[in-house]
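Have a look at the structure below before the remarks.
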């Protein structure tokens, strides 16, 4: 143990040296809100030793110094921003006023990004943060400052995601305050930042929507007076305008009334005392005259003094200064606007002369040190003496009742004697107010004298000031003494004058900025920090004006807007709506409300208000017209939309939510050349999802009608088809076609529109999203989710895919569930897509929507389920013919194209019937699935080993359903007689099938084996090969079991299996897994029938992917399978033309196997066989399986069939293309394996990237 500890000690020591790194000091990036603040803070922390250098912004310098942080010396880099660095804005798609419906701005995506003017600041932060280990935020300690701090954090963490972030909390920029903040670093408050984000987004959405609507409308209606004006709306601006407009309307509506009152005067030695009538005034002159006659009834009227009262009187000193009071004092005493006052105060704060000017607190805490601040002012020539008196009294502030728990009241932080202009005036106001609030009240005495004349009461008062106290320094308050004669109780005197005086009522005065700020604070409009901004904004808009004496009057347009909102009975002009929102913001800061919930609720309220505006907009038109004296334009009613909005021509029309970004809707937009249409995401450029409509679609528009299948939010698309061919395809003789892209499979297939561009489909892009089947000779598992599930990669029954589509019958043979039949033989389900499985005997269910009785219950998925369009459901049910062929003229004379495409001609049944006798192991029983999380694991959950053994050994299967009793007879007999499928590759065709019957004698039956189970852990196995599973491939050099590998390199052999030497010092052994060894080849060449050749692919056996491939490989294979339902083979133009013109027999009738005249059809699907004629059974319901190419020699028979056989490429594998001698090889895409483009320009590149 001692030896162990001895060895462990140096490791611990080295670890401590690595972690602590005491030789290197920490380096912090400090960021302030303004350059002046950064300069001052750097100077205070460094004792004036900070070194200045330039940043990318010429207005924001960088300062380097050292300072102790939490007891350890650290390197400091101080810089600054210039207020908000990021701006919230709509995406580019919403910038054009004329093409965007204002209503859509309530839900349009917004993005917060750094403005172009602030890029140099951003670059400075990015450069400096790279060499720092910590970030300290020194912005103002309020909501806005916290939000600016998080903007800084976002920029810095984009460069260094794990950087430590700290918050410096301070209320003044003094040496004591900033050093204390540096030693008591905290964390930023995300709640305050969230409150600002909510307010910013709501103001942006509501302001932009209503502003655009009323601006475009009023400009159109009144082109002479408002053509070039912006008629803006703001949730704080309009209520603020309402206060001014209401006062102005009160004055307009005021009617003056005359009144009369009795006045009594008593003069002694040039001192006149006026006694006020207890009745004040009367509006009835006759009654007032009667009272006067009553007082004068006696020839010598005498006044009797009833009481003389003397009581002390105090004039209260002011409470500490907060932001609102400073703005009001600046307006009333300094005649400065609120905006000017706040701008000057912020400058004084950044220079360190006063504390933070944005505060709601008007009380000093008991712990606040007032004496040093007062003593600091004793050296001033104007108020230094009074400050000394306050020191002698002891500072005693008169506190108010408000506190924001963040900042103290506004107070001076240091003496300033060299300020000039308005800065000196504002600084003087702050200092005098501070000294006054911590001094004493003024003290005096008030005398009240009550007299009686003939029963009428009169009163006079006087004031004597004993101690002025705070009035000596606070020159903004006046308290004048009022002298009065000496009176005693019971004294009688003769009044000098008793007379009747006439007056009239006057209207209330216009509002001043101080009055307006008081009203905004009372009703909760804005905050102490935003009052000045709101007032200044409506001034700049021209909604209000300022008269010479500072009185505010509404402008012409401002009054029209207020009256218009009032006529519409709209709450937007009232303060209640905004006051509720301001209260919610406070609750967000306190953590009592969710920001997202508040934003959603407020947007819903403003949506209702917007709807009310559009419904009653004519009321505003009338009010605006009356105020500006202009008649609305005559043609405006014709041009405007139904809701009073601008003309809809050119408006971008939203269709449904983008499935890729889920942040903005897809919208119908004209192409740049105005020659067509496309559907693009409004979240561009962040989302580049787009669907380019073909040129055949003319006059496209978006209907208000929603899709009945997809539901609300999915609007229908309407356009006119320009060509007769597509009119016939879609069954619209008039050419007008209405569709919903997510559920119209026919439209997407016809014009090659990717499903994932219009619908959220999940990880594997495409319609077929089933899971894979089982490995080896087991039954295939059903795929979960919408789309078809693939069956087993090898033999075994294919399980039906749960959800909207069926499962393919398996890459080998098998009894398929619903969906497409297998690429091999067996009783696989017929048709691509959602067709039901084929009954024994070649019967196929026509219905595409009804599930098989034994289909497993679908597994729930998150993807939205969209049923197919009713108009195209039958066409998407799985008929191969509906995709590749159209009826010949002889058969389509009585039936239109619509009827033909809606029919099931049994072509897929013919293909499956022709492949029934392929030699592959199959099991005539569909194993029920249990829904599991893993689709493949669900397919192999059932323990069916006993059934599998009984099937392979020819035993009897237990009867469980009617479907089990209707097994294909030929398949059952073949299973009992032979087991050659394990020795030979699976082929699909006619001549190959015939050759298999005579190639070799039937080997003895093999002992039954347990079905291999799928390993849920190890999935990196390989596809099945031509080598039987019971045999082991030995290396020819070392005679050891060879190692099986898969080709990973892109090319014609991608995914192909091969064997090589397993030893590290490999020998030269190599063998393809899907090709027999050289001995087998030579034996086959001498003893077996020759293999037939077809025009599809090469002659070699095609290998198939294993069920145990990785998920990514299986996803790519599925995508390749979805992209092409047939194999693309390079053909020369000459041979293609020869096939199109050659017909067998030149007029001879072709009969099918059931004795009827065969139907002559033509391949319509794009591909090497497009336009090629062929014959098939005319019976669509019960096809005999007859098929024959029309351009091939009759003597060739079925051996020349290009459908099926092992030459056909299975989905998911990229096979070498057969190149004819008549033409060169055409280059293909490395992703989708189609010609005409490369992988860089592949239209499906995004699918394969996933």
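Just so it is clear, glycine is given a Cβ too, placed from its N, Cα and C backbone atoms.
Computed from a predicted structure; not experimentally measured.
So that you can see what the record holds, here are the features copied from Swiss-Prot:
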- 1035, 1038, 1061, 1067: Zn(2+) 1 binding site (BINDING)
- 1152, 1154, 1177, 1184: Zn(2+) 2 binding site (BINDING)
- 769-835: compositional bias 'Gly residues' (COMPBIAS)
- 956-965: compositional bias 'Polar residues' (COMPBIAS)
- 1079-1101: compositional bias 'Polar residues' (COMPBIAS)
- 1195-1220: compositional bias 'Polar residues' (COMPBIAS)
- 27-171: domain 'Toprim' (DOMAIN)
- 189-610: domain 'Topo IA-type catalytic' (DOMAIN)
- 769-899: region 'Disordered' (REGION)
- 953-1035: region 'Disordered' (REGION)
- 1069-1150: region 'Disordered' (REGION)
- 1188-1231: region 'Disordered' (REGION)
- 1035-1076: zinc finger (ZN_FING)
- 1152-1193: zinc finger (ZN_FING)
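The structure, with features from Swiss-Prot marked on it.
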residue: 1035; record: Zn(2+) 1 binding site; contacts (Cβ under 8 Å, 6+ apart): 1041, 1042, 1059, 1060, 1061, 1062, 1067, 1069
residue: 1038; record: Zn(2+) 1 binding site; contacts (Cβ under 8 Å, 6+ apart): 1061, 1063, 1067, 1069
residue: 1152; record: Zn(2+) 2 binding site; contacts (Cβ under 8 Å, 6+ apart): 1158, 1175, 1176, 1177, 1178, 1184, 1186
residue: 1154; record: Zn(2+) 2 binding site; contacts (Cβ under 8 Å, 6+ apart): 1177, 1179, 1184, 1186
TODO: Provide the number of Cβ atoms within 10 Å of the Cβ of residue 1184 (Zn(2+) 2 binding site), excluding the reference atom itself.
DONE: 21
Open item on the list: For a three-state summary based on DSSP, what are the helix, strand and coil counts in the domain 'Toprim' (27-171)?
Closed with: 51 helix, 45 strand, 49 coil
Open item on the list: By the count of other Cβ atoms within 10 Å, pick out the sparsest of the binding-site residues 1067, 1177.
Closed with: 1067
- [ ] Would you mind splitting the zinc finger (1035-1076) into helix, strand and coil residue counts from DSSP?
- [x] 0 helix, 12 strand, 30 coil
Open item on the list: Based on DSSP, tally up the residues of the zinc finger (1152-1193) by helix, strand and coil.
Closed with: 0 helix, 13 strand, 29 coil
Open item on the list: What's the number of neighbouring CB atoms sitting within 10 A of the CB on residue 1061 (Zn(2+) 1 binding site)?
Closed with: 18
